[in-house]
Structure formats: C-alpha cells, structure tokens
Amino acid sequence: MTRLSVNINKIATLRNARGGNNPDVIKAAQDCENFGAEGITVHPRPDERHIRYADVIALKDVVKTEFNIEGYPDLRYLKLIREVRPAQATLVPDAPDAITSNAGWDTLRHAALLKDVVDEIRSLGVRVSLFVDPSPRMVEGAAKLKADRIELYTEPYAREYHVNRDVAVKPYIESARVATSLGLAVNAGHDLDLDNLKFLKSNIPDLAEVSIGHALICDALYLGLENTIQLYLKQLH
Ligand SMILES: CC(=O)[C@@H](O)[C@H](O)COP(=O)(O)O
Ligand SMILES: NCC(=O)COP(=O)(O)O
C-alpha cells in the first residue's frame, strides 16, 4: 500500500496572506485526515513563509495518522524533531532561500553531516527519510548512512512525464530497485499530481508513501478538499 501524505504548507500560505487564522491549518490537517489522508506533511522553512514552527508544535497532538516533518537539519529543525517526535523526519538539502525544494542530497559528499543527524533522529524513535535524486549512487549513500527510507525527488519525472513518460520514470524504477535491495523503503514527492501519479505508482508498486501539496491544494480549489483527496487515493489504491 502507498500512503498519501497531504502537505499542508499551501494552506498556511493562504492563511499568512492576511495575518489572521483563516484558513485554520489545524482544522485543515484534521479535515484532510477525516477525508482519507494517511499522513500529514509539513516543510517549515527558516523564513516561515508558510507553515510556522509554532504550527508544527500545535500539530503534534492533532495529527492522528503519520506526521512527516521535512526540512534542512539545522539546529532549529533538530530542536523541533526532538520536541515533536513525528513518525518521520525527511531531510532535505534546501538552502535557506530556496523557493522550493530543487535537488536531493549528495549522500556521499555530505555523509559526515548526515551520519550524525540520521543517528540522532533515529535514536529518538523517529524514522528518517533522505530526499534524493533518482540516482542509484545517492541511494547507496543513503543506505550506508542507515537511513530508513529515501524520498525520490520527482520534479524531473513530473516535468518529463508529458514528453515521454517511459523515459521519465526509468531512473525512478532503477533507484527504487536499488533501494529495496539495500533494505530502504521508498517514498516519493514533488510536483506529483492527478496526471502523473498513477503511472509512477504502477511502475513502483512498492512505493511506501507519496507526499503531495501544491497540486492537491490547487485541485481542491476546483474540486473540493474531500473529493480531491479521494481522487488522489484512487490513483494509489
Ligand atoms: C521536499 C519537497 O519536495 C517538498 O517539501 C516541497 O518542496 C514543498 O515545499 P514548499 O511547500 O516549500 O514548496
Ligand atoms: N515531499 C514533497 C511534498 O511534501 C510536496 O511537494 P509538492 O506536491 O508541494 O510539490
């Protein structure tokens, strides 16, 4: 089974536009779960332009499915993970000023930094996933670091999907195969949508989780949140 984790960053973007509490991200997380989401993902960024660190702490006792906190493992992120102890920490190499995630880790070059962080987070009983490009070498590096999972960065897949989807998915199939052979479970995320999700899933049947935010929240504007979540679930189950 592939779990659908809904990334609620964009709900916080809308809330922040007016400075009040509409829409309420706590209620939105609860509603996503009630509508069928099997996880909630947040990616707090240093400028708190969407989800805030305080939101993440408030969500700790609210999320009943799997809580996944993404981010660059700086001191503030690590403090948050110690305090919240989510089901999963997804480590992403984004620079503080990145508009959105734009690459996976170089798990070989950054092995020294990642080793200590992965060990510490795992010792808290929190599963660790490393965000990587679809490269068998990077997957092997993640396995050496004793991560639990990788999250394959799917922006290149999403971009190329409409050009040649068989070519687009190839490196993902190979990377997932390497990951599975090394005992790593496989997540995927970034720019997944109602067009490209089913094909990814059919090519990587053992996909453990997808985290989806931007397209899902955009679709919800037209289709409604409950209906949209059900439509995404249909692509996966
Ligand atoms: C790691 C990843 O792909 C996502 O977290 C994605 O980048 C969403 O982050 P933003 O909502 O800040 O764009
Ligand atoms: N890890 C990917 C994620 O949480 C959401 O990415 P996107 O769907 O907003 O591109």
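Any Cβ shown, glycine's included, is placed from N, Cα and C.
Those TrEMBL annotations? Automatic predictions, nothing curated.
Going through Asp31, Asp191, Asp195, Asp206 against TrEMBL, the one listed in the 3-amino-2-oxopropyl phosphate site together with Asn7, Arg18, Gly213, His214 turns out to be Asp191.
Between the candidates Thr2, Thr90, Thr100, TrEMBL assigns the 1-deoxy-D-xylulose 5-phosphate site shared with Arg45, His50 to Thr100. In this structure, His214 (3-amino-2-oxopropyl phosphate binding site) is part of a helix by DSSP. Excluding Arg45, His50, Thr100 themselves, the residues of that chain whose CB lies within 8 A of the CB mean position for the 1-deoxy-D-xylulose 5-phosphate site are, in sequence, Asn9, Thr13, His43, Arg49, Ile51, Ala98, Ile99. In this structure, the recorded positions that sit close to ligand 1, with a C-beta under 6 angstroms from any of its atoms, are Glu70, chosen from Arg18, Glu70, Glu151, Asp191. Proximity to His43 (active site, proton acceptor), judged by a C-alpha distance within 10 Å, picks out none of the recorded positions Arg18, Glu151, Asp191.
Site extent for 1-deoxy-D-xylulose 5-phosphate: the farthest pair of Cα atoms among Arg45, His50, Thr100 sits 11 Å apart. Here the Cβ of His190 (active site, proton donor) has 24 other Cβ atoms within 10 Å, regardless of which shown protein chain they belong to.
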